[in-house]
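Asks: Pasting in a structure now, in structure tokens, and then I'll have a few things to ask.
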Amino acid sequence: MSFLRRFASLPFVAALPLLVGCGPNQAQIEPKNVVNVTVRPASGQLLFCPGDPFQVEVVAKLKDGTSCSNVDANKGCMNEKDTVISSEMVRIQGSSGSIGGGNFIWVPEKDVLKTADTGMGLRGWLESATSGKSMEGEAQLKPVYDCQGEQKIRGGKGREGEPGAPGPDITVSITTLSTPFYPDAALIRLDWPGSRAYLISPSADKPVRITSIGGEGGQGREGAPGIPGKDGKDAKEDCLDGTDGTNGTDGGPGGRGGDGGAGGLIKVILDDANPDKLKGRLLLQSVGGPSGDRGPGGKGGFGGKGGQRGMLKAGEASCNPKDGKNGQLGRRGPSGDTGRPGPSGPAPVFEMGQRAVMFANEISIIQRIEAGKGK
């Protein structure tokens, strides 16, 4: 079965017009003037990585031999420069995933098992409420897995001045997988508290890096603020000066940042049919979390307000009272110390298991994928 025929049998979703923001001019095209439609990722490559958003380009070839794109204004459209197809006319469907916001962004399904045997289909066409619909363009995209080649799983950040959480303990289960696209692939399942993820290493030269990282230490507490100075006293008699306000005290020192958390334990369960081969598909690391930032010093206390001068006396030249001076702002306190980086976790541990037991919940999916090789 060809991929295009298989594509036609798949359910399609989100056949909606996509909107673009301000930018190039937008041209209304008569669908009946379209003689061919091409749909593809804007990169020009018929590839996708599960979960990785990409922009979709629809190119309409017109009867006059010119072409218009929905995203590439440099192509021009209908003899107009800096012009694209009007976004309200463009329709896009995909067999995996959904629209990911404006500007024709498509987000494929993240689960690698859902597209490992079929890839992903795209359809595109132009449609107008008054002029009907053009023919459809179709494309079949091959899955690649570069966007999932490195998995960093982190512990939680520490609270103020406290250490980060330990890196999660991760169980890695791995077995062989032969897909229509990658006959020598490996299927990897990651389990850690509250989460599960599936990855594919497509070939021996593309192992997957998995890292358990301790949580970042919390930033140190801010130092205590300085104490405000006392206000000066107002003069109670004519011709007397107000007294000066006192200076604010300096802020207190900032607190020490929390230490990073330790890396977690990584346990690997290898399919006992090919343990040595599968072990090479994994690059494993358990590292400590980064240190918490030093706490900032406390703010200096405000200076006290100077007291008001006494009243002037008419006819007495020597009566020249002055307001008291405001006290000075205290200095900010010194910053605290930075926490320490967390320690590395233990070395990974390995054990072997039977595929039917390790992947009991997925075995029917694996069999479906591997049965697709001959189609």
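Positions of Cβ are set from backbone N, Cα and C atoms, glycine also.
Where the annotation comes from TrEMBL, it is an automatic prediction and has not been curated.
Here's the feature list from TrEMBL:
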type	residues	note
COMPBIAS	151-162	compositional bias 'Basic and acidic residues'
COMPBIAS	214-223	compositional bias 'Gly residues'
COMPBIAS	230-239	compositional bias 'Basic and acidic residues'
COMPBIAS	248-260	compositional bias 'Gly residues'
COMPBIAS	289-309	compositional bias 'Gly residues'
REGION	151-170	region 'Disordered'
REGION	207-260	region 'Disordered'
REGION	283-350	region 'Disordered'
SIGNAL	1-27	signal peptide
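I'd like these features described in context: how deep, what's nearby, how far apart.
Replies: Mapped onto DSSP classes, the compositional bias 'Basic and acidic residues' (151-162) shows 0 helix, 4 strand, 8 coil.
Sequence-distant contacts of the compositional bias 'Basic and acidic residues' (230-239) (same chain, at least 6 residues past either end, Cβ-Cβ under 8 Å): 245-246, 304-313, 316, 318-321, 324-325, 327.
Below 8 angstroms of C-beta separation, residues 158-164, 214-229, 288-304, 327-342 of the same chain, each at least six residues beyond the ends of the compositional bias 'Gly residues' (248-260), sit close to that stretch.
Only residues 6 or more beyond the boundaries of the compositional bias 'Gly residues' (289-309), in the same chain, are considered here, and those with a CB under 8 A from a CB of the stretch are 154-155, 158, 160-161, 163-164, 167, 213-235, 240-263, 321-342.
Sequence-distant contacts of the region 'Disordered' (151-170) (same chain, six or more residues past either end, CB-CB distance under 8 Å): 190-193, 195, 197, 199, 208-221, 255-267, 286-290, 292, 295, 339, 342, 345.
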